[in-house]
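Enquirer: Have a look at this one.
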Amino acid sequence: RPPQHVRQLYALVSETLRYSPVLDALLAGAALLQAEKKLPPHLAKVLVYDLLFGKGLKCGGRWKALARRHRARLQAELARLKVQRKVSRNEDLLAPAEGASLGAPQLPRYVRVNTLKTCVDDVIDFFKRQGYSYLGKAASVEELSSLSGKKFLLDLHLPELLVFPPQTDFHNNQLYTSGHIILQDKASCLPAFLLSPAAGSHVIDACAAPGNKTSHVAAILKNKGQIFAFDLDTKRLATMNTMLMRAGVTSFELAQRDFLTVDPRDSKYSKVTHILLDPSCSGSGMVNRVPTEEAAPSAERLQALAGFQRKILSHALSFPAVRRLAYSTCSVHQEENEDVVHAVLQEQGSAFRLVNVLPAWPCRGVATFPGAECCLRASPAETLTNGFFVAVLERCGEEAAVPSSLPTAAEGSLQQGRGAQPGTAHKKKRKKQRVKE
């Protein structure tokens, strides 16, 4: 398909997932799946979203005709749901109804500036020209939660992250389609930011697709050095390749391969000093996760995941030149987080240690072993992000690649090195691609 169709399809699927609880209620109230027994539930959601909230069913064929047959009943059910929840706008249905326990707090829209193509100052100026009001750097997490309308802030922890009100849609924005900005949850930006490889480093992204973290690493490297990215899913790798090219990433090599089968002694990886490891996990921290899995994975499922995570973390640490590794999951379960890190550290003896990263970050690891407070946790309630866990491990007895404790907002050398803090990028701004409307 042409790229514009892929973008439209991605936006349609993303919005369908966002409205998923509302669509569940509409499908149940209209008894659509009972009336149309051959209609797959996921397709039904996409059709109903496009019929009621989207662009009015651009598809053709029998599915379009089927959905239109039920239009009146679905519209009536939508009107009834609005009355029941005491709202007048479709968007208001996304918030939990009064007294209901649906979902977590709505998260801000986080926008990572892609410094391979532009700089923070230019992106801020662009949004100002589009009618947005820039409020400066946030002073607290609470300030991020109060955003509304067309106002935005610079994040208080990450110097290349802009924060907009929840549900701000940039999928059709010129900056997004050109790769100047990346739509990425704040917690998902932490692993690459905390790994912080120096320009010129060789880095492995062990479980890379869909590639947001990979593009973030490339931006930190300033496209100097080399990234080796592994993933088993062919389609996800193809999508990732397109995304990385759009983001202007050049020094990368994708491989459809299980990272566990990669030989650490291969001379190809002899200069790999940094590894980003974000392995498969329960996904229990994702606020807008696809509602097809169990809300709480079984003990057996967690045990199996943790076993795999320990194995792949041990494998990553066996690369002879590795000096620093960021381990992350989008899980809230101790079994996949602190327990995995603790077990592998014990296995490694005195070879690696935990780095106390970002000391001002409010949520720390669960104190299940000495030093667990060096790890970071994130949650919708406390950090206004998806649920997340990050631990940074560093080889002992060698000079660290970066300071052991990153300052609160990456002040000083990190900001100057990345040229991202407003006010510090002016000298280099002319060397960047200008953002034009």
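The backbone N, Cα and C atoms fix where each Cβ goes, glycine too.
Whatever TrEMBL says is automated annotation, not expert-curated.
The coiled coil feature in TrEMBL is assigned to 64-91. For Cys207, Ala208, Ala209, Pro210, Gly211, Asn212, Lys213, Asp231, Asp258, Asp278, the entry in TrEMBL reads S-adenosyl-L-methionine binding site. For 407-437, the entry in TrEMBL reads region 'Disordered'. Feature annotation from TrEMBL assigns compositional bias 'Basic residues' to 425-437.
For the listed features, I'd like the structural context: burial, neighbours, distances.
Expert: Residues 22, 25-26, 29-30, 32, 35-36, 39, 47-48, 51-53, 57, 97-98, 167 of the same chain, all 6+ positions outside the coiled coil (64-91), place their C-beta atoms under 8 angstroms from a C-beta of that stretch.
Within 10 Å of the Cβ of Ala209 (S-adenosyl-L-methionine binding site) there are 24 other Cβ atoms, across all protein chains.
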Enquirer: Tell me, roughly as an integer, the mean pLDDT over the coiled coil (64-91).
Expert: 78
Enquirer: Under 8 Å Cβ-Cβ from Asp258 (S-adenosyl-L-methionine binding site), six or more apart in the same chain: what's there?
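Expert: In sequence order, Phe230, Leu232 meet the Cβ cut-off.
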